[in-house]
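Enquirer: Take this structure, written in structure tokens, and hold onto it; I'll ask about it next.
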Amino acid sequence: MAKRPTETERCIESLIAIFQKHAGRDGNNTKISKTEFLIFMNTELAAFTQNQKDPGVLDRMMKKLDLDSDGQLDFQEFLNLIGGLAIACHDSFIKSTQK
């Protein structure tokens with residue numbers, strides 16, 4: 001009998017599925033276009049997006065994440081976004097527990 005995936009393995013599977021869901025909207029499931037990025041941010045990270053006071057923040061994020069400057073995010077570039085957000089959330093959590 002096969003073992004069930006661990007919580008970490010399920011998280012990885014979820015990240016892959018979310019990337020594929022958003023990358024596949026325009027037919028290319030290997031990269032997220034700018035339009036797909038905006039949809040991703042407004043649906044999957046809606047609270048983060050809605051809390052931004054600067055309307056240009058998403059454009060700047062896309063440019064900063066797009067390391068090869070092709071106007072799209074591959075899976076590694078997508079993971080850089082997720083990792084950066086996870087670090088920021090962890091830092092916030094640590095600060096809140098030290099009060």
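The backbone N, Cα and C atoms fix where each Cβ goes, glycine too.
Pasting the relevant annotations from Swiss-Prot:
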MOD_RES   Met1  N-acetylmethionine
MOD_RES   Thr8  phosphothreonine
DOMAIN    10-47  domain 'EF-hand 1'
BINDING   Asn29, Lys31, Glu36  Ca(2+) 1 binding site
DOMAIN    53-88  domain 'EF-hand 2'
BINDING   Asp66, Asp68, Asp70, Gln72, Glu77  Ca(2+) 2 binding site
Enquirer: Within the same chain, where does the domain 'EF-hand 1' (10-47) have neighbours whose Cβ lies under 8 angstroms from its own Cβ atoms, ignoring anything closer than 6 residues to its ends? I mean 6 or more beyond.
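Expert: Contacts with the domain 'EF-hand 1' (10-47): 58, 61-62, 70-75, 78-79, 82, 85.
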Enquirer: Apart from Asn29, Lys31, Glu36, which residues in this chain have a Cβ no more than 8 Å from the mean position of the Cβ atoms of those residues at the Ca(2+) 1 site?
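Expert: These residues sit around the Ca(2+) 1 site: Phe19, His22, Ala23, Gly24, Arg25, Asp26, Asn28, Thr30, Ile32, Ser33, Gln72, Leu73.
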Enquirer: Here are some recorded positions: Thr8, Asn29, Gln72. Which one has the most Cβ atoms within 10 Å of its Cβ?
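Expert: For the recorded positions Thr8, Asn29, Gln72, the Cβ with the most other Cβ atoms within 10 Å is Gln72.
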Enquirer: With a radius of 8 angstroms around the mean position of the C-beta atoms of Asp66, Asp68, Asp70, Gln72, Glu77, what other residues of the same chain does the Ca(2+) 2 site pick up?
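Expert: Near the Ca(2+) 2 site, the remaining chain residues are Lys31, Leu65, Leu67, Ser69, Gly71, Leu73, Asp74.
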Enquirer: Expressed to the nearest Å, what is the distance separating Asp66 (Ca(2+) 2 binding site) and Lys31 (Ca(2+) 1 binding site) at their Cα atoms?
Expert: 11
Enquirer: For the domain 'EF-hand 1' (10-47), what does DSSP give as the number of helix, strand and coil residues?
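Expert: Going through the domain 'EF-hand 1' (10-47) residue by residue, I get 30 helix, 2 strand, 6 coil.
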Enquirer: Have a look around Asp68 (Ca(2+) 2 binding site) and count the other CB atoms within 10 A of its CB, chains all included.
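Expert: Result for Asp68 (Ca(2+) 2 binding site): 10 neighbouring Cβ atoms inside 10 Å.
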Enquirer: Let me know the model's mean pLDDT on the domain 'EF-hand 2' (53-88).
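Expert: That region's mean pLDDT is 96.
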Enquirer: When neighbour density is defined as the number of other C-beta atoms within 10 angstroms of a residue's C-beta, which of the binding-site residues Glu36, Asp66, Asp70, Glu77 has the lowest density?
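Expert: With the binding-site residues Glu36, Asp66, Asp70, Glu77, fewest surrounding Cβ atoms within 10 Å: Asp70.
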Enquirer: Tell me the Cα distance separating the residue listed as 'N-acetylmethionine' from Asn29 (Ca(2+) 1 binding site), rounded to the nearest angstrom.
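Expert: Asn29 (Ca(2+) 1 binding site) and the residue listed as 'N-acetylmethionine' have their Cα atoms 32 Å apart.
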Enquirer: Other Cβ atoms within 10 Å is the metric here; tell me which of the recorded positions Met1, Lys31 scores highest.
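Expert: That would be Lys31, with the most Cβ atoms nearby.
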Enquirer: Within 10 Å of Gln72 (Ca(2+) 2 binding site) (Cα to Cα), which of the recorded positions Met1, Thr8, Lys31, Glu36 do you find?
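Expert: Hits: Lys31, Glu36.
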Enquirer: Based on DSSP, tally up the residues of the domain 'EF-hand 2' (53-88) by helix, strand and coil.
Expert: 23 helix, 2 strand, 11 coil
